[in-house]
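Taken verbatim from Swiss-Prot:
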SITE      Arg12  site 'Important for substrate specificity'
ACT_SITE  Asp69  active site, proton acceptor
SITE      Thr70  site 'Important for substrate specificity'
SITE      Gln152  site 'Important for substrate specificity'
Amino acid sequence: MRKIILASGSPRRKELLELASVPFEIIVSEVEETIGAYSSPSDIVMSLALQKASAVAEYNSDHIVLGADTIVTYESRILGKPSNEAEAKEMLQLLSGKTHEVYTGVAIIAKDKTVTFYERTEVTFWELTEEEIDAYIALKEPLDKAGSYGIQGKGSIFVQHIQGDYYSVVGLPISRLVRELKQFNIDVTHA
């Protein structure tokens with residue numbers, strides 16, 4: 001059986017694959033995450049996911065390679081990972097009391113087939129006080145996450161409502177991924 005390789009160092013993506021009993025290895029893609037001129041957030045995440053998977057698949061062509069990327073958008077503004085605490089605070093203030101979208105794109109590459117897809121989830125935040133934001137940033141949790149929060153961590157206390165796939169917001173739409181893997185003769189639903 002061909003190995004599945006996760007082209008990501010994300011501990012959250014690793015945990016989600018383990019949760020679904022997907023057997024895999026990790027080879028971190030060294031692709032620089034730069035957002036070029038794309039027409040939509042879905043194009044951005046699918047393109048970045050494909051770039052990451054392609055970089056690893058180039059040297060692992062006998063296996064199935066998964067790449068993924070997540071971004072947060074608010075009113076056409078893309079919120080990636082903050083570069084510092086001040087930017088994290090600005091993002092959280094922007095999202096406070098509002099609904100934003102989280103896009104996660106996935107690419108699955110094998111020698112004979114490539115599949116890309118994305119999931120879009122709406123997340124609504126409660127109104128956040130400056131004290132709440134400052135305390136959260138002090139934890140350092142938001143500094144490596146798109147939109148400056150982790151819904152699976154302490155950032156969960158900011159979420160008033162979610163519409164869509166929770167796991168996509170975490171970083172990998174695992175339910176859809178498991179279904180897409182069936183196209184590659186990988187079925188973990190009976191494992």
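Yeah, the Cβs are placed from backbone N, Cα and C, and that goes for glycine too.
Taking the Cα atom of each, Thr70 (site 'Important for substrate specificity') and Gln152 (site 'Important for substrate specificity') are about 14 angstrom apart. A C-beta separation below 8 Å, combined with a sequence spacing of at least six in one chain, links Arg12 (site 'Important for substrate specificity') to Gly150, Gln152, Val170, Gly171, Leu172. With all protein chains in the displayed structure included, the most crowded Cβ environment within 10 Å among the recorded sites Thr70, Gln152 is that of Thr70.
For Asp69 (active site, proton acceptor), the same-chain residues lying six or more positions away in sequence with a CB closer than 8 A to its CB are Glu33, Ile44, Val45, Leu48, Ala49, Lys52, Thr104, Gly105. DSSP gives Thr70 (site 'Important for substrate specificity') a strand state.
In the three-state DSSP reading, Gln152 (site 'Important for substrate specificity') counts as coil.
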